[in-house]
Amino acid sequence: MRSLIAGTGSYAPEKIVTNADLEKLVDTNDQWIVERTGIRERHVVADDQATSDLALEASRRALDAAGLDAKDVEMIVVGTVTPDYPFPSVGAVLQGKLGNRKAFAFDVSAACAGSLYALSVADRFVATGAVKNALVVGADALTRITDWTDRNTCILFGDGAGAMVLKPTDDPQRGIRAVRLHTDGSLVPILLQPGGGSRDPISEKVVREKSHYVKMNGREVFKVAVRSLEESCREVLADEKLTPGDVTWVIAHQANKRILDATLHRLEIPESKCWMNLEKYGNTSAASVPMTLDEANRAGWLKPGDTVLMMAIGGGMAWGASVVRW
Ligand code: ACO
């Protein structure tokens, strides 16, 4: 038995911040941002919204698409690094908001790779028959931990949520085929939120030094991202005895258009096979992969039997790839 993605959903908050808006906040310009990243605008949470609110909307849409009643969900896994509270988990908050009392629920912290990690965990539970279904969510409000005076980072991030419902299938032609995950903890310093955790709890000093915001060495992240994504894609394709030429569609974490272009170029996969939406949303962290998957799915891109290559990378560094037969 394998697990099958039986429904997808996504949600982006209403408020939009354009590159022109950012020009008023930091020394940047639309042309630089578009040329270096491909991003034109991003959605940002309202003052009264938190990550679980985004997750709830995306989950409702995915459950609706899968024809599954929220009360019948047996497992909830949320990839996020911007939980509503340090604890309990967004998964627990989401379970409560869905009116579900049956599912065990928890979060997975793997930054922008969070939804791929969450998918891999839930896949094991569904494929082994331990649960009859699972709700997998990637949701982040990264703009809550973004320094709007730091032009290195504030141009990149946006908020959103994506959800996937997993069900078991006996169809040998369909389902999640292979997942490869990797972590390199020696790279923690190149992308992290240094303050506000147990190492440096929130304090006047943390706020003064702005260490509760995302810090990033963009050039290093860029290099690691291209190399790691290519390697894990080749690895997961080899697991399935496939080549890049066998891939029907690519669903990739929308970090930066140049990272995606370089990775696709190395894999010799045409750009036309990769659904891109970072122009509208920026980098939405763990939400990025399931939001992209949902857009491609609702646009009618994905047909039963298609070979979908999914890839993501984020702070840790944590990355991975998956082959899914739709
Ligand atoms: N607006 C205008 N100019 C800028 C800006 C800005 N927002 N930011 C930097 N510059 C300037 C720099 O000061 C520098 O000027 P100089 O040449 O006079 O010194 C010049 O532009 C080039 O700066 P670089 O940092 O070399 O620019 P780079 O081409 O590396 O682009 C970027 C920066 C977009 C951050 C890139 O490194 C990148 O995308 N890295 C990946 C980061 C990423 O995707 N992180 C997301 C989280 S992790 C993940 O999802 C994979």
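Every residue, even glycine, has its Cβ placed from backbone N, Cα and C.
TrEMBL lists C112 (among others) with the feature active site. Over all protein chains present, the Cβ of C112 (active site) has 32 other Cβ atoms lying within 10 Å. In the three-state DSSP classification, C112 (active site) falls within a helix.
Other Cβ atoms within 10 Å of the Cβ of H253 (active site), summed over all protein chains shown, number 32. Annotation source TrEMBL lists active site at H253 (among others).
Per TrEMBL, the feature active site maps to N283 (among others). Long-range Cβ contacts of N283 (active site) within its own chain (separation 6+, distance under 8 Å): I39, C112, L142, L156, F157, G158, H253, Q254, A255, N256.
In the predicted model, residues of the domain 'Beta-ketoacyl-[acyl-carrier-protein] synthase III N-terminal' (106-185) average a pLDDT of 97. Per TrEMBL, the feature domain 'Beta-ketoacyl-[acyl-carrier-protein] synthase III N-terminal' maps to 106-185.
Secondary structure counts, DSSP: the domain 'Beta-ketoacyl-[acyl-carrier-protein] synthase III C-terminal' (237-326) has 38 helix, 22 strand, 30 coil. The domain 'Beta-ketoacyl-[acyl-carrier-protein] synthase III C-terminal' annotation in TrEMBL covers 237-326.
Residues or ranges marked as region 'ACP-binding' by TrEMBL: 254-258.
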